Amino acid sequence: MVEVNDMYYAFSKNEEIAEKGEYGGAVTSLLKFLLEEGMVDAVLAVKKGSDLYDAVPTLITEPEKVIESAGSLHCGTLNIAKVITRYLNGAKDIKIAVTTKPCDAMTIVEVAKRGKIDLDNVIMVGVNCGGTLPPVKTRAMIEEVYEMDPDDVVKEEIAKGKLIIETSDAEKGISVDEVEEMGYGRRTNCRRCEKNIPRMADLALGNWGVIGPLAGKATFVEVTSEKGADLLEKAVSAGVIEIEDPIPKGIEIREKIDQAMVNLAKKWQKNDFNEETGAEILMNLDRYMDELNKCIKCYSCREACPICYCEECSLETKTPEWIEKGKIPPSPLFHLERMLHMVDSCTNCGQCEELCPAEIPLAKIWHEINCRVQETFGYKTGFETGQEPPLTHP
């Protein structure tokens, strides 16, 4: 019997999926099984668009099409939670399975706390994430640093501390630290992220810790909820996937990799954040005013933020008029208002910074303040569905 906190090596019994899906195709097989058994109405996943650097969210209702979403897209920088709230009515009238990076899963949990997603209708199949790559800069990096043609790349991955780029006839790996010191590599928000294994999802899957005969042929699965346990047990009973107990050394290696990534994140936090550990929250906002004064009030940050969902935004209300119309840069109240609305639930997904045309380091600002909020209130963003965000009123 599969139970919460169990760990396994898992691989698909379907040869086509095992070959096309990564590390034995367990993720793809689980998603296909959910649709075939009618446990969900649709699967929300990401598939390759025009090329490797273009990740497109897709809603799949036909089991045979799930395989189109197989494989990783490290240049897929979207936050899938926004799709659920904006286009699927928060899964309030549809049952879905969704593949989630840790920041996706954390955001889904935070938005659910605010009553905008029905978690009873969502199964989160979480995948490990050591960071995503900005598409445009990654193409430039591949050409300038790796001396490869970006259009010839068939795969990219982070393994053993290296960013590895593969074409059909060549492979080259360079230290993650080295490429990031050059200004390339992972997105800046990903560098600071300590959440690599999505234990806030229903299942946490990845290749870390798979050693021995199944190395490269199976996925490491950690069961993180009752829903996840039920799904895995049914899939195994149906003969869709096969599971084996993990090699103890593999469990140890997985934890070491995770801890190494956490240590690297803390190094980047120290590099990016205010060194005054006891600094007041608002002091952090004040010291970024020069950056915030670049704002052209385009509202891209609000539109991109998966935590922003108000039907009537207080930044645009006429009565009272909190923000003076036509003034650029806007009053500091513009950013203070946004901060009060979302910063306690900020998951450092980086959407705001990625879309800002003024190149304001918004993700860094909100992430730093969110860390202060967590320290001050003892809050753990993205976990514990019963714990309300400290700055949010029901």
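Placement of Cβ uses the backbone N, Cα and C atoms for every residue, glycine included.
[4Fe-4S] cluster 1 binding, as stated in Swiss-Prot, involves CYS295, CYS298, CYS301; the candidate among CYS190, CYS193, CYS356, CYS371 given for that site is CYS356. Swiss-Prot lists CYS346, CYS349, CYS352 as binding [4Fe-4S] cluster 2, and of CYS305, CYS308, CYS310 the one it places in that same site is CYS305. The two recorded residues, CYS301 ([4Fe-4S] cluster 1 binding site) and CYS349 ([4Fe-4S] cluster 2 binding site), show a Cα separation of 12 Å. CYS352 ([4Fe-4S] cluster 2 binding site) falls within a helical segment according to DSSP. Taking CA atoms as the reference points, CYS346 ([4Fe-4S] cluster 2 binding site) and CYS356 ([4Fe-4S] cluster 1 binding site) are 17 Å apart. Of the listed binding-site residues CYS301, CYS305, CYS349, CYS352, CYS356, the Cβ environment within 10 Å is emptiest of other Cβ atoms at CYS356.
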